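Report on the following structure.
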Amino acid sequence: MSLAMTAFRMMAVALVVVVASSTTWARSLEGSSSPVTSLTRGRSLNKRAAFDPSCTGVYDRELLGRLSRLCDDCYNVFREPKVAMECRSNCFFNPAFVQCLEYLIPAELHEEYQALVQTVGK
């Protein structure tokens with residue numbers, strides 16, 4: 001067997017080892033391999049799980065997203081960890097949300113946002 005052929009085989013074996021170990025490593029990053037996890041691919045079974053359970057009104061992802069983005073923007077302005085949590089508490093019906101609204105949103109849109117809070121928080 002020539003030296004070139006031996007080197008080629010060693011490179012092929014090394015490549016197989018790298019691919020196999022990276023696949024195993026990627027699987028370990030996915031977390032648990034329980035049947036539920038594999039069926040849902042890690043997604044929540046409860047579609048409301050990402051939002052405050054105190055929001056008992058109309059479930060509308062777009063509305064909740066708009067309200068949540070306001071809280072995110074407020075956090076990005078003030079960089080206080082509690083701002084984002086307080087803003088979302090009680091389904092956006094709180095003084096922190098009102099302060100964020102007054103600071104970030106033009107006054108002519110305040111009533112619209114208050115109506116959104118009423119819609120999702122009934």
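Any Cβ shown, glycine's included, is placed from N, Cα and C.
Record features (Swiss-Prot):
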| type | residues | note |
| --- | --- | --- |
| SIGNAL | 1-26 | signal peptide |
| DISULFID | CYS55-CYS91 | disulfide bond |
| DISULFID | CYS71-CYS87 | disulfide bond |
| DISULFID | CYS74-CYS100 | disulfide bond |
| MOD_RES | VAL120 | valine amide |
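Using a 10 Å Cβ-Cβ cutoff, CYS87 (disulfide bond) registers 24 neighbours. Proximity to CYS91 (disulfide bond), judged by a C-alpha distance within 10 Å, picks out VAL120 from the recorded positions CYS71, CYS74, CYS100, VAL120. The Cβ neighbour count for CYS100 (disulfide bond), using a 10 Å radius over every protein chain in view, is 26.
For the residue listed as 'valine amide', the same-chain residues that are 6 or more apart in sequence and have a Cβ closer than 8 Å to its Cβ are CYS55, GLY57, VAL58, TYR59, ASP60, LEU63, LEU64, LEU67, CYS91, PHE92. Under DSSP, CYS71 (disulfide bond) is assigned to a helix (H, G or I) in the three-state scheme. If you measure from the Cα atom of CYS100 (disulfide bond) to that of CYS71 (disulfide bond), you get 7 Å.
Note: the CA-CA distance between CYS74 (disulfide bond) and CYS87 (disulfide bond) rounds to 8 Å.
Proximity of CYS71 (disulfide bond) to non-local residues of its own chain (separation of 6 or more, Cβ distance below 8 Å) is seen for VAL83, ALA84, CYS87, ARG88, PHE92, PHE97, CYS100, given in sequence order. Cβ neighbour count for CYS55 (disulfide bond) (all protein chains, 10 Å cutoff from its Cβ): 23. Within 10 Å of the Cβ of CYS74 (disulfide bond) there are 21 other Cβ atoms, across all protein chains.
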